[in-house]
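I grabbed these lines from TrEMBL:
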{"type": "BINDING", "residues": "E149, L150, T151, R179, Q193, D197, R337, Y341, Y342", "note": "L-histidine binding site"}
{"type": "COMPBIAS", "residues": "39-51", "note": "compositional bias 'Low complexity'"}
{"type": "DOMAIN", "residues": "79-400", "note": "domain 'Aminoacyl-transfer RNA synthetases class-II family profile'"}
{"type": "REGION", "residues": "39-83", "note": "region 'Disordered'"}
Amino acid sequence: MAATPFLILQPRFNSYINPLFRSLSSSPLSFNAATAIQSSLSPPSDTHSSTAAGRSGALSPAPPLSGAVQKIDVNPPKGTRDFPPEDMRLRNWLFNNFREVSRLYAFEEVDFPVLENEALFTRKAGEEIKDQLYCFEDQGKRRVALRPELTPSLARLVIQKGKSVSLPLKWFTVGQCWRYERMTRGRRREHYQWNMDIIGVPGVMAEAELIASIVTLFKRIGITESDVGFKVSSRKVLQGVLKCYSIPENLFGKVCVIIDKIEKIPAEEIKKELKVAGVSEEAVHELLEVLSVKSLAELEERVDSCGEAIADLKQLFLLAEKFGYSKWLQFDASIVRGLAYYTGIVFEGFDREGKLRAICGGGRYDHLFSTFGADDIPACGFGFGDAVIVELLKEKGLLPELSLQVHNVVCALDEDLQAAAAMVANLLREKGQSVDLVLESKPLKWVFKRAARTNAERLVIVGSSEWQRGMVGVKILSTGEQYEIKLDDLK
């Protein structure tokens, strides 16, 4: 690099830059972010006010042309979020970890429309989902809904692709989901969800691999087995008990939805809902007794009709030892998951302190495809939301510090050198460097504050005399080193 000591910069630059750099490096800068944001807000040019009808998608009439302009509510709709830059950095960090773990396990990424046909979610999901749908009739008289989850969309896509894809499929997606539900900590009306699904593998090895991928994610972000665990069970346990008491199969999904509330509402309320659903008092008593079992050995003693379920669970625990995550697992017969389409092993990730709702959950759904009129394919998967894990990272003090960082701040000392500064910025960007180009004529004090706020590595100054010689000035902001360099040698 043909660099010479930076002694020939314009006098005003030299007199400005040294004391400025010393003062900036010795004392931290502070900014009133709230004031800056408030001052930057301006009324949008075309807005629609929301209606008082809650979930209605109808638009209010446009405001009258005359009279005072009405201020809009600048908060997002209840249960939804904005993502300003600092939150977007955290979201991207989390999503990048989702994608990297999926890559490590050789899963391919897919996605689906946020807006789907309503029938996709009302056929087999369970009554709770039906009540939580954001749904409406579009202008073509079609019933549509914002997706509340991702698995039915995945099933639809697999059916659509048919024999053009070879099994097994290992697919993942990171997508936004919508549910109109009561909000609690870590639960909103919209959230993003990471799903991994394996289609075409009937054995427990598939579930074992999926749980292994979640453990890998936890380890990457600093979560340990002392922080979280997995409760595992099988829907076949519940099926076995109901079969003993001649409970009709068509009640199975409804019973699962009720049992899924077992840690959320009092036991008496659970009993009441089961009886209303058509389960006899004797069956309710036995069912709750079985669901309190916390070991496979005790389950074997209590229930004779769960041989297949117990064999699957034993195999899962054996595989967990081989994968190296057996200490993360525990058997809990009360885990059934609230979605009606699960058929075998089910699991939930939970925080061991019990402060948060389920972190993630999934299981086997071998009969979902037939509910859409296709042949069944063995399948299993999980959903992992973005909200609860962020709450857990806050609890553990594990949220990463993700500040804005750029390689260069480029500025011109004279207004007539703005085009030259743009040329320098373009040159650096073509070399893969990030550049914050100062777009207006600003004093150097402002430029240095800007560089500090963006954590820039260096400041590139375009001055008149230097530019005439095909040079620019460079200051390394971490060390204070400054020099001139030929434009062709700037990297």
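A Cβ is built for glycine as well, from the same backbone N, Cα and C atoms used for every other residue.
Unlike curated records, TrEMBL annotations are generated automatically.
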Same-chain residues six or more away whose CB lies under 8 A from the CB of R337 (L-histidine binding site)?
R235, C256, D260, V346, E348, G361, G362, G363
How many Å separate the two farthest-apart Cα atoms among the L-histidine-binding residues E149, L150, T151, R179, Q193, D197, R337, Y341, Y342?
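Site span for L-histidine, by Cα atoms: 21 Å.
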So how many other Cβ atoms are close to Y342 (L-histidine binding site), meaning within 10 Å of its Cβ?
26
Counting across all protein chains shown, how many other Cβ atoms sit within 10 Å of the Cβ of T151 (L-histidine binding site)?
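Result for T151 (L-histidine binding site): 24 other Cβ atoms within 10 Å.
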Between E149, Q193, which of the binding-site residues has the fewest other CB atoms within 10 angstroms in the structure shown?
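Among the binding-site residues E149, Q193, the lowest count of other Cβ atoms within 10 Å belongs to E149.
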So what pLDDT does the domain 'Aminoacyl-transfer RNA synthetases class-II family profile' (79-400) average out to?
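PLDDT averaged over the stretch: 91.
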